[in-house]
Amino acid sequence: LAGDYGFDPLELGKDPKILRWYVQAELIHARFAMAGVAGILFTDLLRLAGLKNIPLWYEAGASKFEFASTETLFIVQIILMGFVESKRYMDFLDPGSQAMTGTFLGLEPALEGLETGYPGGPLFNPMGLARDGRKSQPLKLKEIKN
């Protein structure tokens, strides 16, 4: 288990099934946090480059969009995130099931990973950094540490 140093004073990871779920939840939370920071930096760079219509990251939530109402954007986000999260949960329950033919619009070979929570294929692993299980362990540890 990447990043496991045995420190669990509340014994939250005592049950292996629950620990497996906690690991997947932590991966997703960490990835959203890293994507959020990348988004903050990217929009700040665009604003500094001269694009003046981009709000500061902490004011972005108050912005109104011309192409859709806030309610419409909320419903679209619920539908899209619901689809993605249901696929992720199904893969958690039955590892590899979402990479079987016919489960994802013909893109299954591009999404097949080594294990649950670590998608692979040309879409998520274009440079082939984690094709080998031994080589992927240091990468998993770096991901959790960051």
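One-based numbering along the chain as shown.
Every residue gets a Cβ built from N, Cα and C, even glycine.
Curation does not apply to TrEMBL; its annotations are automatic.
TrEMBL lists GLU26, HIS29, LYS142, GLU143, ASN146 with the feature chlorophyll a binding site. Secondary structure at HIS29 (chlorophyll a binding site), as computed by DSSP, is helix.
Cβ-based neighbour count (10 Å, all protein chains) for ARG31 (chlorophyll b binding site) stands at 12. As annotated by TrEMBL, chlorophyll b binding site applies to ARG31, LEU111.
The CA atom of LYS142 (chlorophyll a binding site) is located 12 Å away from the CA atom of ARG31 (chlorophyll b binding site).
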